[in-house]
Each structure stands twice: as C-alpha cells, then as structure tokens.
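What follows is a single structure, written as structure tokens, with notes after it.
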Amino acid sequence: MTLSKYSKPTLNDPNLFRESGYIDGKWVKGTDEVFEVVDPASGEIIARVPEQPVSVVEEAIDVAYETFKTYKNTTPRERAKWLRNMYNLMLENLDDLATIITLENGKALGEAKGEIKYAASYFEWYAEEAPRLYGATIQPLNPHNRVFTIRQPVGVCGIICPWNFPSAMITRKAAAALAVGCTVVIKPDSQTPLSALAMAYLAEKAGFPKGSFNVILSHANTPKLGKTLCESPKVKKVTFTGSTNVGKILMKQSSSTLKKLSFELGGNAPFIVFEDADLDQALEQAMACKFRGLGQTCVCANRLYVHSSIIDKFAKLLAERVKKFVIGHGLDPKTTHGCVINSSAIEKVERHKQDAIDKGAKVVLEGGRLTELGPNFYAPVILSHVPSTAIVSKEETFGPLCPIFSFDTMEEVVGYANDTEFGLAAYVFSKNVNTLYTVSEALETGMVSCNTGVFSDCSIPFGGVKESGFGREGSLYGIEDYTVLKTITIGNLPNSI
C-alpha cells in the first residue's frame with residue numbers, strides 16, 4: 001500500500017475543500033502568491049492557498065468591525081439557532097471534516113473523528129449558553145440609587161490557532177465569541193488551514209450573517225498578520241493557542257491598544273502515579289494521555305513520575321502495550337497512530353531522547369524514525385529512571401517521547417512537578433482520596449485530572465496558570481472572556497414606599 005494514494009481528498013461534499021480565504025461571505029484570494037499545504041505523511045501537496053498580505057487582513061478586520069454593529073444586536077435565541085445549526089452540520093459532515101484533518105495534520109482518522117465530535121460540542125454548548133448571559137442587581141450604600149450589571153460583547157475578536165487541533169481550537173474560541181455577539185477574524189496555522197476553510201463554508205450554511213465569520217490565510221506573512229490583529233484598534237480581543245514565546249510577542253504587540261487577551265500556551269504536564277494506584281488503569285490512561293496525537297497535544301503527559309517501588313514494572317508493562325501501536329498513514333483503517341507534523345518535531349524528540357540517555361536514563365523502548373513509511377513517521381520512545389537534570393524535565397517535547405522519573409514521597413513529587421514555569425494540566429493516580437485532594441491543591445496548574453488521562457470537555461473551564469497563559473475556554477466561565485461587564489446606576493430614586 002503506497003501512501004501517495006491518500007494525498008488527494010475524496011469528499012462526500014466537495015464544497016468543503018476550499019483554497020481561498022473567506023471574508024464578508026465571499027471566497028477571497030487577494031493575491032497571486034500562494035503557499036502549499038502538504039500531507040505530512042506522504043509529503044505530497046494537497047492544496048495551494050493564497051499568501052494573503054496585510055491589506056487583506058485589514059479588509060477582514062474592517063468587515064468584522066462593521067458587521068459587529070448589527071450582529072451584536074441579534075437576539076441570543078437567533079445566535080443559539082445558528083450555533084445549533086453549526087453543531088448539526090459538523091456532525092452531518094463528520095467523515096469529510098475528519099478526512100481533511102487527517103490529510104493536513106497527519107493524525108489517525110479515528111482521532112480526527114473524535115476531534116470533530118469534540119469540536120462540534122462547543123457549538124452545542126454555546127448554543128445553550130447564549131441565552132444565559134446573566135447580570136446582577138446591587139444595592140449600593142446610597143438608598144436612592146439602584147445598580148445592575150450587564151454583559152456586552154467585547155467586539156471584533158482575532159483568533160489565532162495552532163495546527164495540532166485544526167478544528168477544535170477554532171470552535172473553542174469562535175463558538176463562545178459568536179454566542180455573545182462578537183464577530184471573528186480567524187488565522188489558522190499555515191500547515192493546517194483547510195479545516196478552518198471548511199468551517200467557514202459550514203458557517204455560511206448555518207445562517208451566520210456575512211462578515212461575522214472570517215478566515216485569513218498566510219505562511220510567510222504570518223508574523224505581520226498577527227501583528228496587525230494585535231495592533232488594530234478595531235480588534236478588541238485576541239485569543240491564541242500556541243507556544244509561550246509567541247504568546248509573549250502577541251501580548252507585547254497588543255499592549256498598544258490594551259486589548260482583552262486569552263492565551264493557552266505551552267504545557268509540561270506531570271503525570272503522577274503513586275504506589276497504591278490501580279496499575280492497569282494508570283497504564284491505559286498513560287497511553288491515552290501521552291500518545292494521543294502521537295504526543296502532540298498541549299495537555300499530553302510530558303513527564304511521568306512513577307513511585308520508585310513500581311517504576312520498573314510500570315515501564316515494562318507500558319512498553320508492552322505501546323509496541324502494539326500500528327503507525328501508518330492516518331487514512332489507513334489499520335492505523336492507530338499517524339505521523340508527526342514535520343521534521344522539526346522529530347529533531348526535538350531525538351534531542352530530548354539523547355540528552356536523557358547521556359545523563360543516565362534507561363532505554364525501555366528504543367523507538368525511532370520509520371523512514372520506510374515516510375519522512376515524518378516516528379515510533380514511540382520510552383525511557384525510565386530519567387534524571388531531573390534532563391532537558392525534558394524543563395521543556396515540552398510535543399512528540400512521542402515518554403520519559404519516566406522516579407519519586408519516593410508526596411512532597412518530593414509535588415516539588416518536581418511544580419519545578420517549571422508552565423502550569424497547564426497535571427494528572428494524579430491514587431486510590432487514596434486524601435492523596436488526590438492534597439496533591440491536586442498543591443500542584444501549580446490550571447487543571448488537575450485524577451485517575452483519568454482524558455478530561456477535556458466543553459463543560460469544563462480549560463486553561464492554565466504561570467507561563468501556560470490565562471483565560472478559560474468552555475464551561476459557564478468561557479463566555480466571560482468575550483464580554484465586558486458594564487455597571488449601570490440609576491440614581492435619585494424616591495424614598496421607598
């Protein structure tokens with residue numbers, strides 16, 4: 001079976017496959033320059049999309065700004081209807097949308113289908129939240145005054161998204177923004193723009209007004225486009241998922257207009273297994289947590305801390321299970337795990353692997369390049385007894401390297417886990433509820449998952465602390481990041497009767 005047979009998409013609805021930006025309800029190129037979208041599994045070109053200049057971004061911002069003047073006055077029930085339509089359309093087109101993800105991202109089709117279901121759930125959630133944007137009534141000290149608060153949409157939102165979840169990272173942000181009455185300008189990653197364009201097509205079918213949902217495209221001009229979104233006074237909010245370094249740049253650029261920001265940045269998640277944990281459960285959850293997307297998710301376990309009394313057994317059993325993975329092209333039905341996104345990802349895995357080995361880590365599963373499959377295929381690596389001085393204890397690998405560290409006490413492992421500038425997610429496995437509660441409170445992360453390695457859901461507030469960012473996506477809190485709280489006072493009322 002050759003990989004090249006998968007390089008051109010065959011979709012039930014060919015209209016989902018687009019190669020132009022989307023502004024004001026129109027498919028816009030805006031330039032003769034293009035960049036190529038490549039299937040990371042085969043290395044073959046699957047699309048050529050426009051390298052849009054700053055002028056096109058400014059056009060999209062202007063359109064979103066003008067549309068906001070009317071969109072903000074649509075009723076919550078109207079917006080809920082469009083959001084619900086979007087949810088239904090995503091599920092109706094699940095196979096096509098998942099195929100697009102697999103071709104541009106490289107993940108296995110089963111994982112891609114899971115992403116579409118997860119992504120769609122945010123439209124369903126915010127369809128239900130849109131009519132429930134509440135304020136409060138307040139009795140101030142002055143007996144003749146009455147105060148109440150309302151939440152209003154912040155305005156045009158710039159949404160800058162990563163490649164690892166090409167659909168879900170858009171919906172987590174755009175669904176909340178659209179629900180409260182904001183308009184959006186979306187900049188997808190240049191490696192995975194096709195999912196965003198498919199979503200724009202569905203947004204039109206769902207009934208969203210022209211100009212409320214816009215998608216801009218660029219590879220070489222990406223820094224300029226991001227800077228334009230951050231510095232434009234017409235853009236009132238920027239939300240970004242990606243690296244901490246880029247987040248810091250965007251934050252600096254946004255300071256000139258004091259924008260509302262929400263960032264979901266780098267992670268370095270600890271996965272802690274105490275000696276009393278259910279070992280089978282911890283192993284199954286470690287596999288799901290560490291190797292989902294072949295380790296290319298922001299909440300993947302980057303550091304596994306296993307109690308010294310069970311570390312060798314845990315490492316051996318984990319390796320036995322990981323050996324059963326079937327690495328291959330994501331569209332091959334036999335494949336359980338696809339490829340990594342590019343050669344830089346492989347280079348980082350190998351750098352972290354060799355550094356840990358040089359410092360004394362034991363190789364449990366060698367892993368390595370699978371060049372016979374393609375340039376970006378890599379078998380998982382498992383190392384045990386990794387020293388705390390290894391680079392991987394400080395840096396997020398974002399790939400199929402599983403380093404296992406040893407610990408003896410609760411205090412010791414919490415110290416290890418918190419010894420990082422990142423604080424997105426953490427995992428704790430134990431049968432003792434006191435251990436779970438005590439460690440969860442002590443961990444310096446925005447989210448702690450106990451006895452499960454998969455926790456993300458539209459109903460939970462997703463976000464981090466420290467240099468993993470700020471703001472929350474999903475849940476009843478996620479909608480607040482796209483609103484401003486206004487206080488209204490009515491004064492000089494007569495005495496109460």
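Glycine is no exception: its Cβ is also placed from the backbone N, Cα and C atoms.
As the structure is a computational prediction, the values presented were derived from the model and not from experiment.
Quick look at what Swiss-Prot annotates:
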{"type": "ACT_SITE", "residues": "E264", "note": "active site, proton acceptor"}
{"type": "ACT_SITE", "residues": "C298", "note": "active site, nucleophile"}
{"type": "SITE", "residues": "N164", "note": "site 'Transition state stabilizer'"}
*Taking the Cβ of E264 (active site, proton acceptor) as the centre, count every other Cβ atom within 10 Å, in any protein chain shown.*
27
*asked:* I'd like to know which of the recorded positions N164, C298 has the most other Cβ atoms within 10 Å of its Cβ.
replied: C298
*Roughly how many angstrom lie between the C-alpha atoms of E264 (active site, proton acceptor) and C298 (active site, nucleophile)?*
9
*Calculate the distance in Å between the alpha carbons (Cα) of N164 (site 'Transition state stabilizer') and the residue listed as 'active site, nucleophile', and round it to a whole number.*
9
